[in-house]
Structure formats: structure tokens, C-alpha cells
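For H107, the entry in Swiss-Prot reads active site, proton donor, with the evidence type sequence analysis. Feature annotation from Swiss-Prot assigns substrate binding site to S93, N109, I110, R111; the stated evidence is sequence analysis. Among the features that Swiss-Prot reports, divalent metal cation binding site is placed at H97, H107, H146, H176, with the record citing sequence analysis. The region 'Important for dimerization' annotation in Swiss-Prot covers 241-276, and the record cites sequence analysis as its basis. Residues or ranges marked as site 'Important for dimerization' in Swiss-Prot: H176.
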Amino acid sequence: MTIIKQEKTLFFFKNLQNIICNTFSKIDGKSLFKEDMWNTKKGYGRTRILKKGKVFEQVSVNFSHVFGKSLPKSSSNKKRDLENCSYQASGISVVSHPKNPYVPTSHLNIRFFLAKNKKRKTIWWFGGGFDLTPYYGFYQDVIHWHTIAKKICQPFGDDIYFKYKKWCDDYFFIKHRNESRGIGGLFFDDLCLPDFHSAFLFSKSIGKGYIDAYFPIVNLRKSYSWGSRERNFQLYRRGRYVEFNLLLDRGTLFGIQSNGRIESILSSMPPLVKWEYGWHPKPNSPESKLYTDFLPIKDWIDK
């Protein structure tokens, strides 16, 4: 049964990677993904990168299936019975860095773990989610994003959206900046109940939901005019993305702690970014509205 579970998830991840890459390429209309197939003693994967497109400056869509003899601390802190236990981890990770500052950055991750505890019993779970990081916020976009997120969760329970939204808000909060990375979405981990079929079905819904949630926003904003002011703000805000990924993100930490393939792990980084000492947006400016209207955690749709 364990082999069947693994085969089903691997097929899903690979197929979802194809669908998402085709959708990005179609919308961009200029650049195509370059594929890097890799294979090491610790696993294998398929890294796909789109660069210097018409709409997207860079997009990474990664599939991987890795193995290890000792589950890294980033995944075992809450699973004491799995410390120093062997594991397998497979999944897909997507990060888009648009060229146009009015198009938000997006992130999707779905992962499946198999591990054997100290009693040699096989333990499995799913994790993942998606979140949105705008530079210039639009209420229409945020409400659309969270409406899709709630729609995904509805068949699995009335409280699921609000549970995973809060988890996302908490997870993507940059403590050293005292601000959110973006406007959130969904985040879940350790999902193994009520059974494999239900947990897998929810994880598949996350993949489809990302497509339904993100690409309509891209199509709506990709033709907006922008200049150096918007570009500079975009590069500055990308700095927050880098800070979170390198300091706080469990996926990045897992890859580093497991001595994973660093090129693939860091492919989520934006190609260009900037920091400015002591910079603050002018009051009542379009840039300031990101901080006052969109980054504060709130319920975007009614309970």
C-alpha cells in the first residue's frame, strides 16, 4: 500500500508541474521553461526555470523526490518519534517573480512525506499551501484569491479555510520586520486524517486552486503601465521575500539541512532585489497602502 501511495503522489506532482508550466508559458507568450533533470545519491528531480519573459522575470517550478537516513530538524521538531529516522519526501514547489510590479508574486508548495518511526512503522503526511505577495494591492484580487481558497476548503469542512488561513498568516509573518510577507492564503502540514484518499484529494485541490486563483489576477494586471518608481518598490519588497526564505522558510531549511541540491533549493530567489537603509514609503502614497491596507492580517471574506 505504501508503494501505491508513493506512485500516486509522484504521478500527480509530475503532471501538475506540466500543467502549471504550460499555463505560465501560455500567459507569458515569450519565454519557455528550460528543464534541468538531475539525479543524485539522495534523490532526483526536474527543475524548470522560465527567465526574462514578457510577463515574468523568473518562474521556478520544481519537482523532487529525495531520500534520507535522518529526518531534518525542520521536519521533525514536532515529531519526536521520527527523530533520526529514515524518510522519503516528494513534492512540487512554484515561485513566480513577475516583471510588472502590479502583478503579485505567488508561491505554491505541495509535499508528501513517508518516514519509518523507531518501531519501523511507516508514517505518512501531506503539507503545503499557497500564498500571494502583492507589491501594489487590489481589493478585487485579494478577495478573489481568498474566495478560491475558501471554495477549495469547503468540501472538507466549514472550519478548514479559517484554520489553514490562520496557519498561513502565522507562518508567513516576518517577525524581525513585524509584518506579513503578503496577504496570505492557505498553509497546512501533518495532514494524514481522516485517511489517505481524503488528504490526497485536498492536496490535489490545492494544486488546481492555485491555477484558478493566480492566473486570472495575472491576466488582469499584466498590461498595467509602470515605471522606475514601481520597479524600485518591487525590488525593495522582494528583499522581504528573500529574508523570509533564507531565515524562516521550513522548505528552504529542510533542503539545506538535508544537503539537498542547492541550485534547485535557491531557485525560488528573485533574480534582482535591493535593500535600502531606513526607507519608508511616503504617507498616503500608493506604496504606503500596501502597509496600511493589505499587509495587516484580517479576514478578507465573511465567516
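Backbone N, Cα and C atoms are what each Cβ position is placed from, and that goes for glycine too.
Neighbour counts were taken at the CB atom with a 10 A radius for the recorded positions H107, H176; the maximum falls on H107. Of the residues the record lists as binding substrate, namely S93, N109, I110, R111, the two whose Cα atoms sit farthest apart are 8 Å from each other. Close to the recorded substrate site, the chain also has G91, I92, L108, G127, G128, G251: residues not among S93, N109, I110, R111 whose Cβ is within 8 Å of the site's Cβ mean position. For H107 (active site, proton donor) paired with S93 (substrate binding site), the C-alpha to C-alpha distance reads 8 Å. Less than 8 angstroms from the CB of H146 (divalent metal cation binding site) sit K165, I183, G184, G185, W300, I301, each of them six or more residues away in the same chain. Using a 10 Å Cβ-Cβ cutoff, N109 (substrate binding site) registers 22 neighbours. Secondary structure of the region 'Important for dimerization' (241-276) per DSSP, as helix, strand and coil residue counts: 22 helix, 0 strand, 14 coil. Classification of H107 (active site, proton donor) by DSSP places it within a strand.
Counting other CB atoms no more than 10 Å from each candidate's CB, the binding-site residues H97, R111 peak at H97. S93 (substrate binding site) sits 25 Å from H176 (divalent metal cation binding site), taking the CA atoms of both as reference points. For I110 (substrate binding site), the same-chain residues that are 6 or more apart in sequence and have a Cβ closer than 8 Å to its Cβ are F13, L16, G91, I92, F126, G127, G128, S203, I206, G207.
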